[in-house]
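In TrEMBL this protein carries:
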- B:18-36: transmembrane segment (TRANSMEM)
- B:67-85: transmembrane segment (TRANSMEM)
- B:122-146: transmembrane segment (TRANSMEM)
- B:152-173: transmembrane segment (TRANSMEM)
- B:180-205: transmembrane segment (TRANSMEM)
- B:225-247: transmembrane segment (TRANSMEM)
- B:254-273: transmembrane segment (TRANSMEM)
């Protein structure tokens, strides 16, 4: 195969078409594949040593180009972007920590204020309760006194009325007794009747 | 086969059947109008790897060829991926910038994990290799593209560059102690010379396996796709089976494109570690 290709070089013709000493008919039949593939392969194109200098030359050019693109532009830039992102993230995390601390402080202040307000409210409610209790006690005492006064007054009046009633009863009894005695045909002086009625009433009142 | 698929899709009904009929109709039309010329000879899986000059006939070392064109496209792709995408320098990255940052972080972490912090000095070098290989692999998966990394000349230069860098760096940094890499002091003394021979051989085989692994993987995958494409042309009406296979292999090749770039880069890191710390 190397012979064929050397031959091709010597003739100055395309290696593929000139390799035709054993593939002429095949080469003729395949315009289609030549149209896109470029040429007709004889054996393995990878082993065609005549193309090696060309491939190696362009490969080295390419590698140098890529190396320069990477080491001069791409890699420093990507490294910078990554470092910046890392920095931003660190900063953000620190800021978040700070905010969290602030939030904790605020919460503590809030708790404290709440406790104070609660105790203040308790105090006020206690005070109010005590005041109200005092007022209530006073009012109650006053009312009790009034009630006692009224009661004693009423009792006195009842006693008066009762006494008056007793007297009346005695008079009525005496008069009745007098009338009864005289109706029965007897006579009795007032003193005797009086005594009898009084004795009787004492016995009854006993 | 066709009957089976017809029946099963008829049971499924609706969309599936319509799509199948449309595909069959397309195939019939395609075979009528685009008849494959001599089916037997239409499979040329290796044509895609031929190096052809863009102008003129001969390939000298300086001739602009399809290699040159795709190398240029690769450089442009790397530029777009890593430079244009990061032009915003945004703290909150755009999608393109995220891709650039991810690839940066991927290789950066790989070097740091394998070689330690001292290896980060060589980060631009390793990143160059990774970006070139990964971009070349993915560009090669575009239809009609030329796959740079499928050529042993390209991968051999990459592997030799790594080999020479590691060897020179090893001697420059460690002097004679770099030879301790081959003298396994953990083994019993009589075994050491034998192990030293094996170690030396394996050391010199490294660039070979390093380069052939990459080129071989890509060449094989691309050739298989072309072979199936040839079947698709030759099978006429039944061409959609090879097309399904091509779809599956293409997905696999996407995976291979990344994995091979990763493997090449991590092996570079492992070799670099030997240069930095030659003691076992």
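First residue shown is number 1, and so on along the chain.
Just so it is clear, glycine is given a Cβ too, placed from its N, Cα and C backbone atoms.
Long-range contacts of the transmembrane segment (B:122-146) within the same chain: residues 48-49, 66-67, 69-70, 73-74, 77-78, 81-82, 103-104, 107-108, 110-111, 115, 154, 158, 161-162, 165, 214, 218, 222, 250, 253-254, 256-258, 260-261, 264-265, 268-269, 272, each at least 6 residues beyond the stretch ends and with a Cβ under 8 Å from a Cβ of the stretch. By the count of Cβ pairs under 8 Å, the stretch nearest in packing to the transmembrane segment (B:152-173) among B:67-85, B:180-205, B:254-273 is B:254-273.
Under 8 Å from some Cβ of the transmembrane segment (B:67-85) lie the Cβ atoms of residues 51, 54, 94, 96-97, 99-100, 103-104, 131-132, 135-136, 139-140, 145-146, 148, 151, all in the same chain and six or more residues away from its ends.
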